[in-house]
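Undergrad: Handing you a structure now.
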Amino acid sequence: MVDLTEEKHKAFIYAVKNQYWYQMYIDDLPIWGVVGKEEDKKYYIYTHKKFDISYNGKQIVDVTLTPERKELLRVGAKIKFTYEVNWKPSSVKFEDRFDKYLDPNFFQHRIHWFSIFNSFMMVIFLVGLVSMILMRTLRKDYARYSKDEEADDMERDLGDEYGWKQIHGDVFRPASNVMLFSALIGAGYQLTSVVLCVITFAILGELYTERGSMLSTTIFVYAATSPINGYFGGSLYARMGGKQWIKQMLMSAFIVPALVCGTAFFINFIAIYYHASRAIPFGTMVAVTCICIFVILPLTLIGTIVGRNLDGQPDYPCRVNAVPRPIPEKKWFMEPAVIILLGGVLPFGSIFIEMYFIFTSFWAYKIYYVYGFMLLVFLILIIVTVCVTIVCTYFLLNAEDYRWQWTSFMSAASTSIYVYMYSFYYFFFKTKMYGLFQTAFYFGYMALFSGALGIICGTVGYFGTNLFVRKIYSNVKID
């Protein structure tokens, strides 16, 4: 029994006017129902819920909800809610009970296939373009530098030398704020491994059929891959001459969990204030904290020790000068800030359509199941990011600016800026959320999603660029 006060009456009117739905679960099977209906500018609410539950043996295989009995919404009314349950035998197999929830007309729409094909063609075009431009350009650079080497000292001094070879003594100089940089790179390797593993498990095991299985699998895989974080972050920090390796290890282990837990706990406090069902139980918070301290931290420590001992010695093809070379002035579009902003445009373009399907499955009532598409788009994103970042870094080095580590990372990570901007468009034009809790819930978790994607893209960009820089400088004779 609900007494319709003025406040509750306005809330119900708003829900009916905007065609609000609610979601429930019976034996992990989701069901949806509409709150009410508008007729002749009057608003009605359904007060009776009819559940038709089908079973096969001792297992539930289907659930249907039918709202009935409309009642006019008016202030001061006393509304009584009732329900009934009807049980029906069914021949549907238990493992096939989720097939009715899949929407092939939506996820396998022609636009989805076309976007995959378009992204694939972009990859072929980019790889070919990068290979052609860089190979021709680098061949000319090598020829010019070989000609300079054959000239005598006086001709070399009088010659107009320029280009990426001139900064060979600074290009492998450690990045600024090396502790944060190595922590982000280590976290990026770990997150990339988590994404690949979870998508693979989803393809093989159909994780969408069990409520919460995707989140549980992600947490387990993240904890299990902590040595990857420690290995790559710790080894990079050691190669760049870092001395405070314990502090770096702690930052690397907790940088992502701290962001996730901090955002989740903040949203949870708002949920508790509004008495929302999305509030995370206190026991779950304690369990996550224990996982971070007693699982993630020790595994990261092991990875850090192994990485420092096996891959912690500098192996650069050029020695680093004792005194940093002054960075010459360059055109405005060669500045790192401009390169960073432009670097994320093409990677975002390659995943733009897939973002719509992922957002719809996360914020609407669609169940995402085309993880093969997701894996293909993720691989396309990696290739596009590497190609774009290599080109950006080449332009930066050719302008005799050796600050390529952070620039390569941030130019790839800027993809997350465009993803977060797109989330604003989706919020205002594709959803009907309102109020402090819904707004904080949406933009808080979208910030986490965009940030994790940015760390992954930044790490992939740095990985490809590092190989490229090592390759071009190892092929040039340095005096």
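A Cβ is built for glycine as well, from the same backbone N, Cα and C atoms used for every other residue.
TrEMBL lists these features:
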type	residues	note
TRANSMEM	111-134	transmembrane segment
TRANSMEM	178-204	transmembrane segment
TRANSMEM	219-238	transmembrane segment
TRANSMEM	250-274	transmembrane segment
TRANSMEM	280-306	transmembrane segment
TRANSMEM	337-359	transmembrane segment
TRANSMEM	371-397	transmembrane segment
TRANSMEM	409-428	transmembrane segment
TRANSMEM	440-463	transmembrane segment
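Buried or exposed, and what's around them? Tell me for each listed feature.
TA: The list of residues near the transmembrane segment (219-238) in space but at least 6 beyond its ends in sequence, with Cβ under 8 angstroms from a Cβ of it, reads 178-179, 181-183, 185-187, 189-190, 193-194, 197-198, 201, 245, 248-249, 252-253, 288, 291, 295-297, 299-308, 310-313.
The list of residues near the transmembrane segment (250-274) in space but at least 6 beyond its ends in sequence, with Cβ under 8 angstroms from a Cβ of it, reads 179-180, 182-184, 186-187, 190-191, 226, 229-230, 233-234, 280, 285, 288-289, 292, 296-297, 300-301, 304, 436-437, 440-441, 444-445, 447-448, 451-452, 455.
Counting residues 6+ beyond its ends, the transmembrane segment (280-306) has Cβ neighbours under 8 Å at 219, 222-224, 226-231, 233-234, 245, 248-250, 252-254, 257, 261, 264-265, 268, 271 in the same chain.
Taking Cβ pairs closer than 8 Å, the transmembrane segment (440-463) reaches residues 184-185, 187-189, 191-192, 195, 256, 259-260, 263-264, 266-267, 270-271, 278, 343-344, 347, 363, 381-382, 385-386, 388-389, 405, 408-417, 419-420, 423, 427, 431, 433 in its own chain, all 6 or more past its ends.
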Undergrad: Which stretch from 178-204, 337-359, 371-397, 409-428 shares the most C-beta pairs under 8 Å with the transmembrane segment (111-134)?
TA: 371-397
Undergrad: Grab the same-chain neighbours of the transmembrane segment (371-397) for me: Cβ-Cβ under 8 Å, and only residues 6 or more beyond its ends, written as numbers and ranges.
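TA: For the transmembrane segment (371-397), the far contacts come to 107, 112, 116, 119-120, 122-123, 126-127, 129-130, 133-134, 137, 164, 167, 171, 195-196, 199-200, 202-203, 334, 336, 339, 342-343, 346-347, 350-351, 354, 357-358, 403-404, 407-408, 411-412, 415, 457, 460-465, 468-469.
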Undergrad: At a C-beta cut-off of under 8 Å, are there same-chain residues at least 6 beyond the transmembrane segment (409-428) that contact it? List them, or none.
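TA: Distant Cβ neighbours of the transmembrane segment (409-428) are 181, 184-185, 336, 339-345, 347-348, 351-352, 355-356, 359, 363, 381, 385, 388-389, 392-393, 439, 442-443, 446-447, 449-451, 453-455, 457-462.
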Undergrad: Is the transmembrane segment (337-359) packed against any residues at least 6 beyond its ends, judged by a Cβ distance under 8 Å, and which are they?
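TA: Residues packing against the transmembrane segment (337-359) from afar: 106-107, 111-112, 115, 119, 122-123, 126, 366, 368, 370, 373-374, 377, 380-381, 384-385, 388-389, 392, 395-396, 407, 410-419, 422-423, 426, 430, 457, 461.
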